[in-house]
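Heads up: the structure comes next, in C-alpha cells.
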Amino acid sequence: MASGEPSPGGGAARRPLHSAQAVDVASASNFRAFELLHLHLDLRAEFGPPGPGVGSRGLSGTAVLDLRCLEPEGAVELRLDSHPCLEVTAAALRRERPGSEEPPAEPVSFYTQPFSHYGQALCVSFPQPCSAAERLQVLLTYRVGEGPGVCWLAPEQTAGKKKPFVYTQGQAVLNRAFFPCFDTPAVKYKYSALIEVPDGFTAVMSASTWEKRGPNKFFFQMCQPIPSYLIALAIGDLVSAEVGPRLHEDDTLYILKISKPRLWSRVWAEPCLIDAAKEEYNGVIEEFLATGEKLFGPYVWGRYDLLFMPPSFPFGGMENPCLTFVTPCLLAGDRSLADVIIHEISHSWFGNLVTNANWGEFWLNEGFTMYAQRRISTILFGVDPDDTYNETPYEKGFCFVSYLAHLVGDQDQFDNFLKAYVHEFKFQSILADDFLDFYLEYFPELKKKRVDIIPGFEFDRWLNTPGWPPYLPDLSPGDSLMKPAEELAQLWAAEELDMKAIEAVAISPWKTYQLVYFLDKILQKSPLPPGNVKKLGETYPSISNARNAELRLRWGQIVLKNDHQEDFWKVKEFLHNQGKQKYTLPLYHAMMGGSEVAQTLAKETFESTASQLHSNVVNYVQQIVAPKGS
C-alpha cells in the first residue's frame with residue numbers, strides 16, 4: 001500500500017474552503033467519506049469487433065484504489081461512480097494489519113444502484129466497518145467495451161486508415177465509464193497505470209512520466225494530484241517528434257534562471273500527420289509556456305505534449321495534463337490557429353492546477369482560462385485577438401474576470417494577484433466563494449469599498465443572474481483592426497461592385513481572426529447579389545482555397561448560403577477530411593437550409609462519411625439531415 005504523504009503544497013495549514021462542504025449532484029459516490037491517496041490501473045486493450053462477446057474490443061484488467069477513511073464513526077461501504085457499460089466481475093479488500101507489510105486481499109461483495117442516464121453507483125461492502133483514519137485498498141476486476149467514456153475508432157475513422165484507435169474523454173462525467181472512481185472534480189489524487197497493447201500499437205496517457213516495458217507494455221505515473229476527468233488514455237499507430245525550444249531572448253534567460261530542467265515538448269500523431277504537426281508547432285509551445293510561467297507562476301506538470309487526434313475527434317482540444325488532445329484541423333500550415341493551443345496551455349494553471357469543485361462552477365475553469373489565453377496572446381502578438389468561443393462559462397466568465405481586473409485598475413497588480421491565486425489554491429478544487437473571498441482579502445481597499453455589492457454589478461448578480469454580462473471589457477483596441485474588415489464586407493454586398501475601392505484594401509497583412517470577421521460579415525449579408533461570390537473567390541484565392549479550417553468553414557457557409565454550386569465540392573472535401581463537431585454541424589445546417597442541390601449534397605456526403613464520424617456527431621447530423629417525425 002502507498003505510504004501516507006502530506007497534502008500537496010506542504011507547509012502551513014491551508015485556508016478552510018467553502019468547497020470542502022460542497023455537494024456534487026453529478027456524483028453517486030460517497031467521496032466525502034474517504035481520501036483517495038492513489039489509483040493504479042492495470043489494463044489490457046483488445047481491438048476486436050464491436051459489441052459483446054468473446055474477442056470483442058474492450059479494456060480489461062484491474063483498478064486498485066488506496067484509501068483512508070475520513071468518517072469519524074467509520075464506514076461500512078465504499079460507493080464509487082460507475083456505468084452500466086463497465087462490468088465489474090470481482091472485488092477484493094486489503095486492510096492494514098500491524099506487523100504485516102502486504103496483508104492478503106479478501107474477496108468482498110458488491111452491487112450496483114441506478115443513479116442517472118450517465119452513470120450508476122458501484123457499492124463495495126465491508127465485512128467489518130472500517131474505522132476513522134484506517135488505511136485500506138480496494139481491488140476491482142472489470143472490463144469496459146462500448147460506452148460513452150471509451151471511444152473506439154475503426155481504421156477508416158483515422159488519418160492513416162490502416163489501424164484502429166481508441167481514446168478516452170473524461171470531461172465532464174464520462175470517466176466513470178472508463179474506470180470506477182470518485183468522478184467529481186472535488187477529489188484530486190495521483191495515479192499510475194500499466195497498459196498492454198497489441199503488436200504495432202503505442203499507448204500514451206496524461207501522465208508526468210512514461211516508459212516502455214517490453215514490446216507491448218507501457219507504464220505511466222502522474223506525480224501531481226488531478227481530478228478523475230483529467231485521466232486520459234489513447235492507443236493507436238502513434239509516433240512522436242520533439243518540438244522545442246524556440247524562445248525570445250528574455251524568455252530563454254527566464255527559463256534558465258528559475259525553471260527546473262524538463263523535457264522539451266513533443267507532438268504525437270499518426271505517422272501520416274507527424275511531419276505537419278512538428279512543422280506547425282516546432283518551438284512555439286515553450287514560448288507559450290514561458291509566457292504563462294511569467295504571468296501565473298511555475299509550470300508544475302513536467303512536460304507538455306500534444307496528441308493530434310484522428311480527424312473524427314469531435315472537439316477542438318481537451319486539456320489533459322502533460323498530454324493535450326487536439327484536432328488535426330489545427331494543422332493549418334501557418335500557425336494561425338495557435339490560440340487554441342494557448343487556451344489549452346492556459347488550463348495548466350486554471351482548471352488543472354486550480355479546479356472547479358463541481359460542474360456548476362465551470363466558469364472558474366473556463367472564464368479564467370479565456371482571460372489567461374488573451375493575456376498570453378496580447379503579450380506574444382501585441383493585440384488582443386477576438387476568439388471563436390461564445391459559450392457562457394467561457395465568455396461571461398471572461399467578462400467577470402475582466403471586471404475584477406477593471407476594479408483593481410492596474411494590470412500588473414492584477415497579474416500579481418493571479419499568480420498569488422494560483423499559488424494559494426494549487427492542487428485544490430474550489431468554489432466561486434473561495435476565489436472571491438481571496439480576491440477581497442488580497443485587495444483590502446476594494447473590500448472596504450464594498451465592491452461586491454455595487455448596485456447593478458453585485459458579485460451575486462454576476463454568478464446567479466442569467467443574461468448579458470453587466471460589464472463588458474474595453475474592446476476598442478480591436479476596432480481599428482475590425483473596422484476595415486466590416487467596411488470591405490459592405491463593399492462586396494453592393495449591387496454594383498466598386499473594384500477600385502475593393503482592390504485598394506490590402507488583406508494580405510490581415511491576421512486569421514480579421515479574415516474570419518470579414519467572412520462572418522459577408523455571411524451575415526448573404527445572399528449577395530448574383531455573381532459577387534464568384535468574384536469574391538477569384539479576388540481572394542487565399543480565402544477560397546484556404547487550408548485553414550476556420551476559413552474553410554466560413555467559405556463553405558458562404559457558398560451554400562449563396563448557392564454558389566461550382567464551389568460545393570470544397571464543402572464535400574472538407575467534410576470528408578475532418579469530423580470536428582464545430583465545423584461539421586454548421587455545414588450540414590447550411591446545406592439543409594439551402595437549395596435542393598445543397599440538400600442532396602448533405603445526404604450524399606453524410607451517407608459516404610458517417611462511418612468515419614464520432615457516434616455523437618453521427619446522431620447530431622442524423623437529426624439535421626432526417627429529423628425524427630419528418
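Note that Cβ sites are derived from N, Cα and C of the backbone, with glycine treated the same way.
Record features (TrEMBL):
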{"type": "ACT_SITE", "residues": "Glu344", "note": "active site, proton acceptor"}
{"type": "ACT_SITE", "residues": "Tyr394", "note": "active site, proton donor"}
{"type": "BINDING", "residues": "Gln169, Gly170, Gln171, Pro314, Phe315, Gly316, Gly317, Met318, Glu319, Lys580, Gln581, Lys582", "note": "peptide binding site"}
{"type": "BINDING", "residues": "His343, His347, Glu366", "note": "Zn(2+) binding site"}
{"type": "DOMAIN", "residues": "480-625", "note": "domain 'Peptidase M1 leukotriene A4 hydrolase/aminopeptidase C-terminal'"}
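The structure, with features from TrEMBL marked on it.
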{"residue": "Gln169", "record": "peptide binding site", "contacts (Cβ under 8 Å, 6+ apart)": "Gly149, Cys151, Ala232, Phe315, Met318, Phe325"}
{"residue": "Gln171", "record": "peptide binding site", "contacts (Cβ under 8 Å, 6+ apart)": "Tyr229, Leu230, Met318"}
{"residue": "Gly317", "record": "peptide binding site", "contacts (Cβ under 8 Å, 6+ apart)": "Thr324, Phe325, Val326, Thr327, Leu330, Val340, Ile341, His343, Glu344"}
{"residue": "Glu319", "record": "peptide binding site", "contacts (Cβ under 8 Å, 6+ apart)": "Leu230, Glu344, His347, Ser348, Gly351, Asn352"}
{"residue": "Tyr394", "record": "active site, proton donor", "contacts (Cβ under 8 Å, 6+ apart)": "Glu366, Gly367, Thr369, Met370"}
{"residue": "Gln581", "record": "peptide binding site", "contacts (Cβ under 8 Å, 6+ apart)": "Pro314, Phe315, His614, Asn616, Val617, Tyr620"}
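The Cβ centroid of His343, His347, Glu366 marks the Zn(2+) site; residues of that chain outside this set whose Cβ lies within 8 Å of it are Glu319, Glu344, Ser346, Phe350, Gly351, Asn365, Thr369, Met370, Ala372, Gln373, Tyr394, given in sequence order. Overall, the recorded peptide-binding residues Gln169, Gly170, Gln171, Pro314, Phe315, Gly316, Gly317, Met318, Glu319, Lys580, Gln581, Lys582 cover a maximum inter-Cα distance of 19 Å. With helix defined as DSSP H, G or I and strand as E or B, the domain 'Peptidase M1 leukotriene A4 hydrolase/aminopeptidase C-terminal' (480-625) counts 110 helix, 0 strand, 36 coil.
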